[in-house]
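Annotated features, as they stand in TrEMBL:
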COMPBIAS  1-10  compositional bias 'Pro residues'
DOMAIN    160-276  domain '1,3-beta-glucan synthase component FKS1-like'
REGION    1-28  region 'Disordered'
TRANSMEM  312-330  transmembrane segment
TRANSMEM  342-360  transmembrane segment
TRANSMEM  380-403  transmembrane segment
TRANSMEM  490-513  transmembrane segment
TRANSMEM  534-553  transmembrane segment
TRANSMEM  1342-1364  transmembrane segment
TRANSMEM  1487-1506  transmembrane segment
TRANSMEM  1512-1534  transmembrane segment
TRANSMEM  1618-1639  transmembrane segment
TRANSMEM  1651-1674  transmembrane segment
TRANSMEM  1686-1707  transmembrane segment
TRANSMEM  1719-1741  transmembrane segment
Amino acid sequence: MSLRQRPPPAAGSQYGANRSSQPPNPEEEAYNIIPIHNLIADHPSLRYPEVRAAAYALRAVGSLRKPPFGAWHDHMDLLDWLGLFFGFQSDNVRNQREHLVLHLANAQMRLQPPPDNIDTLDPGVLRRFRRKLLSNYSAWCSFLGRKSNVWIRDSAPDPRRELLYTGLYLLIWGESANLRFMPECISYIFHHMAMELNRILEDYIDENTGQPVLPSISGENAYLTRVVRPIYETVRNEVEGSKNGTAPHSAWRNYDDINEYFWSPRCFQKLKWPMDLGSNFFVLSSKSKHVGKTGFVEQRSFWNLFRSFDRLWVMLILFLQAAIIVAWEGKKYPWHALESRYVQVRVLTVFFTWSALRLLQSLLDAGMQYSLVSRETLWLGVRMVMKTVVAAGWIIVFAVFYARIWTQENNDGGWTSKGNARVVNFLEVALVFILPELLALALFIVPWIRNFLEEKNWRIFYLLSWWFQSRIFVGRGLREGLVDNIKYSSFWILVLATKFSFSYFLQIKPMVAPSKALLRIKNLEYQWHEFFDNSNRLAVGLLWLPVVLMYLMDLNIWYSIYSSFYGAAVGLFSHLGEIRNIQQLRLRFQFFASAIKFNLMPEEQLLHGRGMRNRFNDAIHRLKLRYGLGRPYKKLESNQVEATKFALIWNEIISIFREEDIINDHEVELLELPQNSWNVRVIRWPCLLLCNELLLALSQAKELVDAPDRWLWYKICKNEYRRCVVIEAYASIKQLLLQIIKFDTEEHSIIKVLFQEIDHSLDIEKFTKTFKMTALPQIHLKLISLLKLLNEPKKDPNKVVNILQALYEIVIRNFFKDQRTSDQLREDGLAPCNLDSSTGLLFENAVELPDANNGTFYRQVRRLHTILTSRDSMNNIPKNLEARRRIAFFSNSLFMNMPHAPQVEKMMAFSVLTPYYNEEVLYSKEQLRTENEDGISILYYLQTIYDDEWNNFLERMKREGMKDKNDLWTTKLRDLRLWASFRGQTLSRTVRGMMYYYRALKMLAYLDSASEKDIEEGSHELGSVRRNNSIDGFNSERSPSSRSLSRASSSVSLLFKGHEYGTALMKYTYVVACQIYGSQKAKKDPHAEEILYLMENNEALRVAYVDEVLKGRDEKEYYSVLVKYDQQLQKEVEIYRVKLPGPLKLGEGKPENQNHALIFTRGDAVQTIDMNQDNYFEEALKMRNLLEEFGTYYGIRKPTILGVREHIFTGSVSSLAWFMSAQETSFVTLGQRVLANPLKIRMHYGHPDVFDRFWFLTRGGISKASRVINISEDIFAGFNCTLRGGNVTHHEYIQVGKGRDVGLNQISMFEAKVASGNGEQVLSRDVYRLGHRLDFLRMLSFFYTTVGFFFNTMLVVLTVYAFLWGRLYLALSGVEGSALADKSSNNNALATILNQQFIIQLGLFTALPMIVENSLEHGFLAAIWDFLTMQLQLSSVFYTFSMGTRTHFFGRTILHGGAKYRATGRGFVVQHKSFAENYRLYARSHFVKAIELGLILTVYAAYSVIATDTFVYIAMTITSWFLVVSWIMAPFVFNPSGFDWLKTVEDFDDFMNWIWYRGGVFAKAEQSWERWWYEEQDHLRTTGLWGKLLEIILDLRFFFFQYGIVYQLGIAANSTSIAVYLLSWIYVVVAVAISLTIAYARDKYAAKEHIYYRMVQFLVILLVIIVIVALLEFTNFKFVDLFTSLLAFVPTGWGLILIAQVFRPFLQRTPAWEAIISLARLYDIMFGVIVMAPVALLSWLPGFQSMQTRLLFNEAFSRGLHISQIVTGKKSKV
């Protein structure tokens, strides 16, 4: 119990019972968490004086002038007062009232020490909250040089005024709808409304009316209609003008543009207050006199990568230039070359490059941002022009000074003092040039100075920095502390040193000799027409191109290597992976109770402060726990409360494992900590830990026959479990025998006396002197027989008597060392006094077995039997791998560093928010039973994958009353549906997981407040309830179906006193944003019923949705609505209904959905959880520890986002899912660990991070929503956080489950979405600002872990292209044959490049972090074995394929746009995907590119001099062939039944039908090739002029085949004239003419006069034969030229089609367009046949199908998945 006495709870005051005890009152106002409108209601939360104190503080209206706009009632408070004055909606007022009261009450509860008067609100609480809530507003005022309108002096606190300001801000925020994405817009509104509030409070008089001043906006819903709606309509009109986001970003204003309008003082001058609706702010971007873009213009170009990260490219380009200059000298080491003054001077040319790059940057700035310049922002234009002029000026200055050096050298004939003086002059100029960089370096070394200067809004600093960067509100003071600086600097210095050393010695230097040799060759004999003399420079360039590309990207490889090992070191010091399995768990379990007490239980003495001494003591304590020092378990004998608390927590965890069916009943008995019911004086450890220990103790006793007691006991006590098991076994045997023998019999007294003798001998340490140790094995065997009998369902008392008699004989005759006579035995009470025949045999009438319903007794018997018989180590208990993993992780986390847990009352309150649209909630009966084309139902699939969990479920159902399996489809249907849904990626799984927080908080609240007596009595009571009712101990009042979802009445809940519910509700709320729940209800959608079912069974669950209400014929009104299930009324009730200004979705759907529901969340923190996530009860216990991290400094800032570790739970479904989950796991653990420490650049990568709620709600929310640009909405929360001075940390002592896509098509769509999102990020203002505002080294970290990763992936693919096209050029031109035939094969640089590219391509780049993280957490051998298994399952094919996906979509998005949300689906994948579907998905991204590369490799093999040496050809091209094969074959290798011959035949027919299906206007891409072909060109319709131009330039590469190959044809007769190439186009023209002729004939004659159509075909064929014969006869044409020419002209045709697609707007109206479509169709048929050929061959060959199935489902195979039965269509087991 806390120091503050609460009123004692009423009898039976569990929360649900309390409310249901009163008759429902329909008039009573619905409430969310606390009935603030009725403070005398019997509600558990109202027992807290802090709640009443906050509510009463709000009611202190006092003498304030009453609003004239509505009736004022006595019960109204300050928020009602504000609502009436400023026209806020009543439900907004009600919502924010509860929000404010809850927060203030929670804040006051956390006060330490508690305030003197707990019935009044503490002023400090209010002041701190106001400062936090208005901190962004205050910073904004300071930035704009405006005086804050919050008129409060800290010296004179005014609680009412504080409440009015905070209330006003919350009311503005709560009703601002989409404006919440624009925090400075809300600050602007608050600024003016606060001023009007001040005028009312200060009793200003209106000059015009002479009356007391009134707000400029007032009346019903005035705020919504007059403030929110005009700005909302502006945003909406801009979005509509953007053509659904397809218009260029530069043509319309998004959320950021409109928000950044308020970063300039012009918002006060132009917009005014009340807002001037005639202001140009409200004018659309498409019209004249509009505001236009503000702050930044997003232009679609690859140059953005240079613009945003120019410092990185400057470094790489300058080093490359310097390294080539130095390496060109040919010296062994660079420092030898630099001894030469000539080399030194040549190296100075880097300053030309540097100044040229500055000029390029300034030109790009001007070219991309010119539209920002207007009359209001004229100085921006001036700066752009000046920067360009100055950059050009520097080039001239450097040219002049550099020319002077060489002029002097030439005049002097060498280097003299004058020449050296000229060099010094040049260096002096260069010093001036790099002064800004030197200044930045100095400020980097002393980061606090830079932060101070940037955060102060002093005009002098603004003027000084004007030249270098625009003055913006965000991105100031981003420097980290000195310690963090040193950490990430040392990391990057090491990475850069390695990269540059490697690049110099293994990339650049080896290229110098071949380049020189090639340049020295004169008069090369080219095999084609050469346009330029000495063009072997082009050959040198092509040779260098792949080297340069790999040089630019391989920093990523070195980052990956170093971050892997650094991350492993951090993980090692964090004590990750110390408990990996059950063996290691046994070693540590004895310290568990102390670890749980230390970490999870609050300690009063710690609440007085966290000084250095306390921290030191904590560290010592953790060391003791971690390494078993001081034996803390010695204190934990069974009378200790600590042990009982531990037992309650541990047993609850095990009980929940059983609910989840991941362990069975027997495993529960092995794992639980039983209550002490047989007076055992030691801790009764789980049977799992005691296995084999008794047998070992017996063997020790046998070995040490003659040893004294003390020595034997010393040996036994060396092992804690052995000591406990000996004591427990002895005490239990004693209790057992005394219980089964009647109390008043002679036999009972004999047994009693026998044990007294044994006890006496133990007390005087004469046990081994009195008894024979050799008799113990015989006694042991007889006891086992006895226990076996007692465990049987039908117990035979006669057999029990026989065993007892035998036991008695052994003890009397063999156990005592000193044999006694019958008389002595009778005298000692060890034999019966009467031996008459009438009394019968000993024990015959004395045995009385307890009733079969006595669960306690028989549970103890089973435990004792297990202890006596277990011989194996039980390392495979629990059998379920997931249960083992969870136990191991939870156990391990208890020994990691985490903050101390406060009491639940004093913890931070938090919410969980889950956006939901229309995904699965609960699988229906039909979904479970419906079979796919292969005969697989979802249920059968799940039964096979989760075989052990299915058996556990059946066992539980039988215990809950199931008669046979048919009941599963009737009385137990709900349980069955839940069981299946909890194994999919459904909303019900997520809700169950998140409600564990509520359940954990209730239990922890009980443990916090329960006295020792409560816990002692409760544990005994609980023990009997658990054993007598059932293994789960569920409250029998609720139906099994409802219990199986929420399990709210778990065993511990039977002990609750009532206040636990109130505490938990105040601390935790779960809001699911079911956006279309309203329309689902209206349509009677089953999803709506299932969501209602979830609410009914989860008390803390709330559902927020958008309700559309028809007003009139066309008009609609939109509302944000919050509902809950009222247990008293037994129905869903509406709590709040806040009107919106219009439709919710203006931007991206998910962030808009999150934003509308955010107003209904509560608490200091909000955890963002996605629809595919899960949570675990044992992890929920640690949530209050995690929330304490918000109060800890990490570096110079406290965290604003707490990153949380994820566990990918979909890895076991198939090998593909395993690859994906392994890749993802390494990122969410090791990757993010390094990003947080030491790199300080972790962002928010999705879920399940925990946000500082009030920090974010005043800074734009938890995601960004602008259409298309923010398609990866989550990461922008991280960008925004970093730019606004937040801090993101990462914590690995707690984890949340996460599902991932499991099929190749799902994975590819997910990767396409992510890659497209990164393509859009490249254009965004956030990335540009971070690239410029972060210091250089953090910028490197930022680049290589966000957009840089995708860019470098693209560079790897471009390297393959560059290498192959370069080789093709060298082979076809003849350069290779002339010059490099003897040298290329040993070109070291090229070999290095190929090896690097291959390493990345195989996924080894991705694999290294996986191996390192697996080694850390599961052991090195396990990690290596996993890696090898992955390779055997063709993971490299998958990673190579993924690389292609990322490259295609990232590149295409930057060039043309077209990023969109791709719904991947979260189903199970065992369904075969048709060839046509795979072709539609991968034709353009993989197949066509692979065929292009394959064609290059084929032509190279045919015409290269080097290729004649097979080994050299294979060595050079194997990596490229691997890429080609992977890109073509991966969709079929990872497709269930991918090589089934019958399916392949069906697929080909289906493909041809799809190709030729004409379809109508409404045909979909899945039905018609033509529709799909048009959709594939969509990106070309929205791209700009530069995108189209670049597309044409890229397409021209296909004409190179024709140019190169026609000169190799026999008909060319070795001529190198340009005429050969020009004449070859006749072939193309003839081919087009023939196709047009046949098409014309088909259209005209095919239907009616078919004979004419056949005649035209005959004539065309005849003509072609005549031409071929003529060519063979009269020219050098060879027959083989027919086939060779195909290699030349087929690519040309494809190039023409691609260019025609770009010109579609012009060509579509011409007759040629039909011909282009026909030709494109033929090409797609050809591509399809090329791709299908290897698939058909492998399908035809025997054995490939079974091998592919083995590869695809191997992981599941090892866990009993008979996939071969699945894919041949076996029926469900049920």
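Yeah, the Cβs are placed from backbone N, Cα and C, and that goes for glycine too.
Automatic, uncurated: that is what TrEMBL annotation is.
What you are looking at is a predicted structure, and each value in this text was computed from that prediction instead of being measured.
For the transmembrane segment (490-513), the list of distant contacts is 319-320, 323-324, 326-328, 330, 334, 543-544, 547, 550-551, 554-555, 558-559, 562, 566, 1238-1239, 1337, 1340-1341, 1387-1389, 1392-1393: same-chain residues at least six beyond its ends, Cβ to Cβ under 8 Å.
Helix, strand and coil content of the domain '1,3-beta-glucan synthase component FKS1-like' (160-276), in residues and according to DSSP, is 77 helix, 2 strand, 38 coil. Confidence across the domain '1,3-beta-glucan synthase component FKS1-like' (160-276), taken as the mean pLDDT and rounded to a whole number, stands at 90. Beyond the transmembrane segment (380-403), the same-chain residues lying 6 or more positions past its ends with a Cβ under 8 Å from any Cβ of the stretch are 348-349, 351-352, 355-356, 358-359, 361-363, 365-366, 369-370, 372-373, 422, 425-426, 429-430, 433, 466-467, 470. The recorded stretches the transmembrane segment (1686-1707) and the transmembrane segment (1487-1506) share 3+ CB pairs below 8 A when only pairs 6 or more apart in sequence are counted, and are therefore in contact. With a cut-off of 8 Å on Cβ pairs spaced 6 or more residues apart, the transmembrane segment (1719-1741) and the transmembrane segment (1487-1506) reach 3 or more such pairs and are scored as touching.
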